Amino acid sequence: MLGRLYLVVTPRPGWSLEATLDRTERALAGGVEVVQLRAKDWEARPTLALGERMLALARRYGVPFFLNDRPDLAALLGADGVHLGQNDLTPEEARRFFAGMVGRSTHAPEQALRALEEGVDYLSVGPVWETPTKPGRPAAGLAYVRWAAENLGEKPWYAIGGIDLGNLDQVLEAGARRIVVVRAILDAPDPERAARALRERLYGVA
């Protein structure tokens, strides 16, 4: 069962590998329940090097580790899952390389319904608000979150995009029970405290 609080670690320009790992570990200590490495512009070797270290952290805290976009590298690492965007390989193609869990980004109801047909293990729904993590992508808004809550049944899904402690209640009121965050934890002055606050709010609803 996938937990409610999912962190995507996108290494920041100027951060050392150790700084990235330190902030990841502090987030895990605060209660992050799923962690993903998203290093879109990195070549394979540095992605594997950081991925190995992050996977070890995830194992230490007992949470699943996902790699973004690269089922081949996910298989080499022994990752728990791979997360695919709309312009990445299809889940069927990814499973030729990789036997673990497969997640899928969706930005509209028709994409979500297709992801269900593709048999993904979970999907993300958003972006709820515009975010610099995905520049140029228009917000899908809370209406898409409400649609997901009404139509996706028992399939695990995560609201994503610009979510932080200040607007989390709106996302919960729209029906989400799982969220993906990047900046709200990764860029926080204290990632452990930020993760703990988000998790407490998430688990404060039924």
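Even glycines carry a Cβ here, placed using N, Cα and C.
The 4-amino-2-methyl-5-(diphosphooxymethyl)pyrimidine binding site feature in Swiss-Prot is assigned to Gln36, Leu37, Arg38, Ala39, Lys40, Asn68, Ser105, Lys134; the stated evidence is sequence analysis. Asn68 (4-amino-2-methyl-5-(diphosphooxymethyl)pyrimidine binding site) has a Cβ environment of 22 other Cβ atoms inside 10 Å.
Residues or ranges marked as Mg(2+) binding site in Swiss-Prot (evidence: sequence analysis): Asp69, Asp88. For Asp69 (Mg(2+) binding site), the number of other Cβ atoms no farther than 10 Å from its own Cβ, over all displayed protein chains, is 20.
Geometry remark: Leu37 (4-amino-2-methyl-5-(diphosphooxymethyl)pyrimidine binding site) versus Asp88 (Mg(2+) binding site), CA distance 15 Å. Residue pair Asp88 (Mg(2+) binding site) / Ser105 (4-amino-2-methyl-5-(diphosphooxymethyl)pyrimidine binding site) shows a Cα separation of 10 Å. The two recorded residues, Lys134 (4-amino-2-methyl-5-(diphosphooxymethyl)pyrimidine binding site) and Asp69 (Mg(2+) binding site), show a Cα separation of 15 Å.
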